[in-house]
Amino acid sequence: QVIISFPDPAHKSDIVQLRGPKKEVEKCTEYMQKTVADLVENSFSISVPVFKEFHKNIVGKGGANIKKIREESNTKIDLPAENSNSETIVITGKRANCEAARHRILAIQKELANITEVEVSIPSKLHNSLIGAKGRFIRSIMEECGGVHIHFPTEGSGSDTVTIRGPAQDVEKAKKQLLHLAEEKQTKSYTVDLRAKPEYHKFLIGKGGGNIRKVRDNTGARIIFPTTEDKDQELITIMGTEEAVKEAQKELEALIKNLDNVVEDSMVVDPKHHRHFVIRRGQVLREIADEYGGVMVSFPRSGTQSDKVTLKGAKDCVEAAKKRIQEIIEDLEAQVTMECTIPQKFHRSIMGPKGSRIQQITRDYGVQIKFPDREENPAPVADPAVQENGEEGGEGKDGKDADPSSPKKCDIIVISGRREKCEAAKEALQALVPVTIEVEVPFDLHRYIIGQKGSGIRKMMDEFEVNIQVPAPELQSDIITITGLATNLDRAKAGLLERVKELQAEQEDRALRSFKLTVTVDPKYHPKIIGRKGAVITQIRTEHEVNIQFPDKDDESQAQDQITITGYEKNAEAARDAIMKIVGELEQMVSEDVTLDHRVHARIIGARGKAIRKIMDEFKVDIRFPQSGAPDPNCVTVTGLPENVEEAIDHILNLEEEYLADVVDNEAMQVYMKPSSHEESKAPSKGFVVRDAPWATVNNEKAPDMSSSEDFPSFGAQVAPKTLPWGPKR
């Protein structure tokens, strides 16, 4: 058992202690290190800044794009919420996979906009001072330059390269500011902090940054306002040379002093316009207050019929607010209401997801857009009116029936605003109306365009953001319809025709690959053409990229001498030539029988036929040995080209002579080793054994020879002569 002690999170230590038996601790350590390595490998994370306006393109219709990127890169990709100000997309997974996903996402952004990326060399020792506390300084440059992204290298890397990415014009602007700030830092720039109420900041900055730009241009100082991420919302920082900073400080302090000088003023506003300013809980007035230093604007109470509006705040802010209110009134008086007729069936498409497209148009053109109520049960088209009592058809009895060509109420979209803006908004709405075009595509290609389970057509619809309708098969029609925004139709049509082009090329290729020819070859040669385990025919098929079909032996209806070759014409002919070359060689071959002593067959064949295969490969012949029970067990057949057959026969006859000598010797030895039947009958019985005989002494003397006169002198017999090794002569 191992006890594992993790450090207190407050200590921020990386040390984990393990206690227990040595082997168990080592095993546990190895496991933990492997687990940590896996976690680190799979938990690599990178942040990719992408302009908010392009997030929807990266997600794609129905999330198709982002799903594809996630699946192909095997990463987790998190996008900020729609209502978030963040532009950062976070990718998590293996390092290589994360880099691949990042490349895909940035490629989409680059394709959609004129995004450029430049590298600037700034000494690494200045990086922290350029970034500022919690990124304050660098954030101000990014916000001022249209939201460009500035990336500094990892601290401690020693790299001087700073990357700026964004629209080309903004990148150049940010580059100049960054280099200017770096130059100031190198010359020991002077810094001063000012404080001003947060509500003054927008006024100090001015519309489009006009006020603060004027101060910067006059003094050459850099002025940094707090962002929503800064804790101190009153702090304004001035940076630059001492002279420039003091001059900018003087101008800003004068502006702040004016803002602190509260005045009260009034203006006349026609009561008919009052409602515009106070509806929706005074939303318009709050925009004015935020923009003009927190000025207070008071409209008379409803029903008093007073036209006096009171403003209270800094003098400059009051004057600016009065001017803005007057501009709004001029807009209201110049407002018109315009109708835009679009069939109700397209309204949902025009609105976009959660009304996003309409919201964008109202913001872009400063207009109000109102859609009609839906017509739940559209009235059926009536038959032409029948003339009665001499009245003309199509009119009621009073002759005042509505013109059938006039637009339906449910089709009319109402736009309110300045005339020129309403007209522009109307054009924008009409541009969102789906348009249908027809594309002629050969009917036989439709199923390939649809793809397996509709995958092909779905991919095109997602890619081009259109709807593609393929006619039902029973109609046998060549017309495919594409419906979508006019801006997308050309791309969709081009994409569809490109796919048709690819399919037609594939069709032509299939037709070329379907060329067939037949070769007449005697069936007796088929096994040789096929080769051992199909080796020969497989090589021909692979080399010439063709399909070769042999007749089915069990099918009597098939011509047994016909071989079919399918593929490109040139390849099929080359394969035919290769087959006929083999046939030509086979036709030149001869077969000769040779008498080979059956006793050496096994040795010539070798273990598992290894030896005979070597001979056949060497002499390019086929050698067949007789089957068991053959009439002539010594007859061996050799087949091949005449000269090869002759050489192979000479070789195996030489082997026979060599092996046969061994066979004869072996047989002679076996005969010698085997006792004769006469000697076997004279062999003494082993059933009688003498034990403890007088000669069986401790000195292990041999038993007495009964035929010896020395061992048995009393027998008086003559000593028998010694016998020869091969027995007595007869």
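Think of each number as a place in line: the chain as shown, counted from 1.
For all residues, glycine too, the Cβ spot is worked out from N, Cα and C.
Copied over from TrEMBL, here are the features:
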- 238-265: coiled coil (COILED)
- 394-409: compositional bias 'Basic and acidic residues' (COMPBIAS)
- 42-110: domain 'K Homology' (DOMAIN)
- 114-183: domain 'K Homology' (DOMAIN)
- 188-257: domain 'K Homology' (DOMAIN)
- 261-330: domain 'K Homology' (DOMAIN)
- 334-434: domain 'K Homology' (DOMAIN)
- 435-501: domain 'K Homology' (DOMAIN)
- 513-584: domain 'K Homology' (DOMAIN)
- 588-657: domain 'K Homology' (DOMAIN)
- 372-409: region 'Disordered' (REGION)
- 699-730: region 'Disordered' (REGION)
> Quick one: DSSP breakdown of the domain 'K Homology' (513-584) into helix, strand and coil?
Replying inline: 38 helix, 15 strand, 19 coil
>> Give me the DSSP three-state residue breakdown of the domain 'K Homology' (114-183), ordered helix, strand, coil.
In response: 36 helix, 17 strand, 17 coil
> Which residue counts does DSSP yield for the domain 'K Homology' (42-110) in the helix, strand and coil classes, in that order?
Replying inline: 38 helix, 15 strand, 16 coil
> Looking at the domain 'K Homology' (42-110) and the domain 'K Homology' (435-501), are there 3+ C-beta pairs under 8 A, with each pair at least 6 apart in sequence?
Replying inline: yes
> What does DSSP give as the helix, strand and coil breakdown of the domain 'K Homology' (588-657)?
Replying inline: 38 helix, 16 strand, 16 coil
